[in-house]
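I have placed the structure first, in the form of structure tokens, so that the comments after it can refer back to it.
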Amino acid sequence: SAALTFELVAKCSTTRARASILTLPHGPVNLPMFMPVATQASLKGITPEQLESTGCRLCLNNTYHLGLKPGQEVLDAVGGAHKLQGWNHNILTDSGGFQMVSLLKLANVTEEGVRFLSPHDGSPMLLTPEHSMSLQNSIGSDIMMQLDDVLVTTSPDKVRMREAMERSVRWLDRCIAAHKNPDRQNLFCIIQGGLDLEMRRECTREMVARDTPGIAIGGLSGGEAKDDFCKVVATCTELLPELKPRYVMGIGYPEDLVVSTALGADMFDCVWPTRTARFGNAITKVGVLNMKREMYAADFGPIEDGCGCPCCRPVDQEGAMGITRAFVHHNAAKETVAAHLLTIHNVWYQLNLMREARDAIIADKFPAFVKEFFAGLYPDRQDYPSWATDALRGVGIDLREP
Amino acid sequence: MSDEIHDQAVMTFEVLKAAVRDGVAARLGKLALAGRKTVIDTPNFFAGTSRGVVPHITPDNVSKHLHAGGAYMALEDFIERPQQYYTRKPPIFDTPTPLPPGKPLHSFTAMPPSITTVLAARRIPAVPAPMGNSNNSISIFTSVGFQVLTTKEYHNAVEALKPDIAIPLADLTNHSTAPNTKRALRMADRTDQWVKEFFDELDTQDVLNPSKISTFAPILPIDYSIQWEYIERLAEDLFPHLAGLAVYDLDVLPDIADKYANLLTLPRLSLSAPATPHHILRQIGLGIDLFTIPFINTVSDSGLALTFTFPSPSSQLEPADAQPNGTGTSLKPLGMDLSCPSNQISLAPLLENCTCYACTNHHKAYIHHLLNAREMLGWTLLQIHNHAVISQFFASIRETLSLGQEAFEAAVEKFTLTYEPDFPAGTGEKPRARGYHYKSGAGEGKRNKPGWSKLGGDETPAAEKENGNPADVAPVTVAADVNA
Ligand SMILES: [Zn+2]
Ligand SMILES: [Zn+2]
């Protein structure tokens with residue numbers, strides 16, 4: 001059963017890119033899309049109203065963090081995460097497993113679940129598929145993720161990798177059985193299998209057979225080579241049913257979004273755009289610019305020329321602030337407001353990048369869009385990253401041709 | 001702030017209702033600024049800023065959600081000379097001015113055109129400088145340390161930045177203890193000289209009026225008997241150039257009222273950092289029209305939501321207010337500690353009937369969660385709410401004043417009897433100290449304990465490696481720890 005509808009609007013005639021409308025319990029969203037991460041039910045100092053002004057209609061919350069603070073009891077009493085944070089649009093939650101394994105040194109995975117020591121009092125705790133579902137049911141997210149057994153893709157231990165992949169399938173079955181609200185919350189499966197393409201194929205077939213409303217490709221935000229990353233995405237999307245949303249977890253660099261879209265993925269999330277904002281970095285068409293650099297001290301241009309975000313649009317326009325690079329430089333690392341402004345700009349950039357990609361897909365001009373995007377980032381074609389040119393060539397775009 | 005009027009060339013202040021008694025007392029007024037479409041109803045307040053921003057509030061939220069008459073800015077926040085770029089001109093002086101036209105201070109800080117800007121040399125409260133002032137300069141405290149600001153540099157800055165209201169330099173010690181007589185005499189002499197120079201160098205007809213800059217002359221925090229010559233000059237020679245008074249201490253006002261009635265027609269801005277709403281009411285009673293209120297920012301940083309209203313609610317306490325206030329008295333608290341676990345599941349607004357953005361879109365449980373999780377939005381929402389409470393406080397004061405002096409005095413008395421004299425202490429951790437301006441006595445430790453650390457004591461900050469570490473507020477700042 002599904003609490004969503006998926007409507008395929010257009011397909012790129014060259015690549016595997018798709019444009020679609022995903023209608024979730026809290027309204028429709030256009031795919032492909034980027035989802036900003038509001039880890040603890042808040043997007044780094046910006047108000048839900050400001051997040052809305054970037055065009056965002058689906059953001060992430062982290063189950064592990066909300067399980068700790070405010071905790072399940074409070075979530076139940078308040079009536080879930082939408083009510084907690086005053087966000088009337090969609091929320092996606094992860095299972096909590098990844099964060100446990102990555103944040104907590106002493107996490108330990110068994111068939112039962114993930115064992116770890118409570119950060120509150122050091123007492124042993126266990127996150128099972130059932131407990132993850134229960135937490136996500138309390139959160140009330142529009143999209144829930146299954147608990148999976150995540151290994152870093154670069155792990156050399158083939159046996160352990162297979163165990164993790166097979167366990168993830170078994171845990172999906174337990175998640176489906178434990179999910180209390182399939183009529184109003186969507187549970188997505190997560191394909192595992194590391195960098196072993198055969199194992200990925202096997203996992204994809206197993207997961208697809210379980211017919212969840214959406215499908216994620218997991219385990220990829222680690223330190224694997226970009227070539228390997230692209231091969232995994234391409235291998236999975238090839239086998240995925242056309243009429244379901246495909247979510248590549250934990251990626252967020254603009255190049256990754258554009259290439260993954262070309263490979264047939266629809267949804268992406270990453271903390272990078274908002275985290276990097278707090279270090280004074282602005283994401284732009286020509287790359288990441290650090291506003292703390294002296295060269296911006298007296299630069300009275302917008303954060304990015306031509307950007308349509310509330311910060312960058314000229315001050316005489318409705319709802320615009322006319323923020324200059326000089327002002328961001330003046331307050332970067334000194335006042336939280338500078339970070340809030342860059343957060344708004346960066347989130348807007350990421351969402352807009354996907355809006356433009358989507359428009360291009362609908363107009364069947366996606367290859368031209370991809371070329372223009374890379375030309376903006378790299379003035380010299382020699383500098384195009386080979387992983388991107390290779391991956392794009394695999395789906396019919398030759399970046400060397402104008 | 002209220003009704004729109006046409007632009008006008010110079011600032012005007014109209015007293016609508018004043019005490020008939022002798023001396024200075026509460027009054028109701030309307031301040032219409034040069035070149036502005038809006039008027040500020042007084043009594044009212046200007047929001048405090050740090051480096052040109054109302055702390056935690058982005059400019060879009062300032063225009064949408066902050067109902068302040070204006071913003072007070074300190075030149076020391078804009079003219080630091082970092083060691084590597086010691087000779088560079090502070091960038092603010094090159095600001096182009098799209099909107100409002102010809103107002104670089106507004107444009108640099110992205111302050112919405114509706115906000116009135118006040119420029120003075122120093123923040124309130126100012127960090128005292130070890131080296132003091134000289135005959136033609138003061139010491140200021142910038143993000144990179146103490147620096148000298150000459151009178152000439154200050155006058156040039158006023159001319160270049162074109163604030164709506166400028167406060168000429170005053171020779172202040174910025175210490176809590178009163179200066180000795182000798183120092184006080186020098187303060188009066190220098191300030192007298194500096195204010196005279198201000199108008200010599202910035203000609204009213206040629207510079208100030210065309211730039212739509214109104215001048216509020218400083219009144220020093222020393223005895224009238226010591227600064228009477230200076231005040232006489234203000235009342236006589238300089239009076240035509242003055243738009244208002246910037247009062248660092250109120251004790252002199254009755255003497256001024258006695259001797260120079262013409263100065264009474266000017267709006268008075270208090271720069272004395274009133275500690276509580278009780279102090280604000282007292283100062284209004286002594287004739288203050290405009291305020292800067294540093295406690296709003298500190299209260300928000302402490303995780304407190306202001307909860308007082310004026311006039312105070314009718315005598316019997318509502319059940320929600322009847323909870324023990326921890327001091328064993330029956331007085332109502334001025335604020336509420338949102339870090340307190342009792343707010344964990346409360347879906348109530350911070351203050352019943354508050355119409356601010358925070359109260360109409362969020363609830364106590366969320367703000368409690370944000371403070372508990374050290375999410376920056378917690379302080380943003382508290383700032384929006386606390387400014388709204390102060391704004392409503394002033395609106396109610398004006399309404400009461402329109403009923404007459406007696407109604408006002410009765411309401412003040414009731415307020416005093418209803419509320420605690422001080423704010424409760426906030427138990428939550430404050431935002432990461434945003435640097436240098438928290439500098440205080442030597443040997444003071446870090447303001448907050450280090451954040452959440454990993455199990456197993458891994459030294460690498462998890463924020464650098466993985467998704468959202470709970471303690472992840474890190475990059476916004478550095479300097480505070482340097483002072484620790
Ligand atoms: Zn922008
Ligand atoms: Zn409020």
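Cβ from N, Cα, C; glycine included.
TrEMBL annotates B:CYS354, B:CYS356, B:CYS359 as Zn(2+)-binding residues; of B:HIS278, B:HIS279, B:HIS385, the candidate listed for that same site is B:HIS385. Apart from the site residues B:CYS354, B:CYS356, B:CYS359, B:HIS385, the chain places the Cβ of B:ALA305, B:PRO349, B:LEU350, B:LEU351, B:THR355, B:TYR357, B:ALA358, B:THR360, B:ILE384, B:ALA388, B:VAL389 no farther than 8 Å from the centroid of the site's Cβ atoms, the recorded Zn(2+) location. Shown in sequence order, B:THR360, B:HIS385, B:ALA388, B:VAL389, B:GLN392 are the residues of the chain, 6+ apart in sequence, with a C-beta less than 8 angstroms from the C-beta of B:CYS354 (Zn(2+) binding site). Look at B:CYS356 (Zn(2+) binding site): DSSP puts it in coil. The number of other Cβ atoms within 10 Å of the Cβ belonging to B:CYS356 (Zn(2+) binding site), over all protein chains shown, comes to 23.
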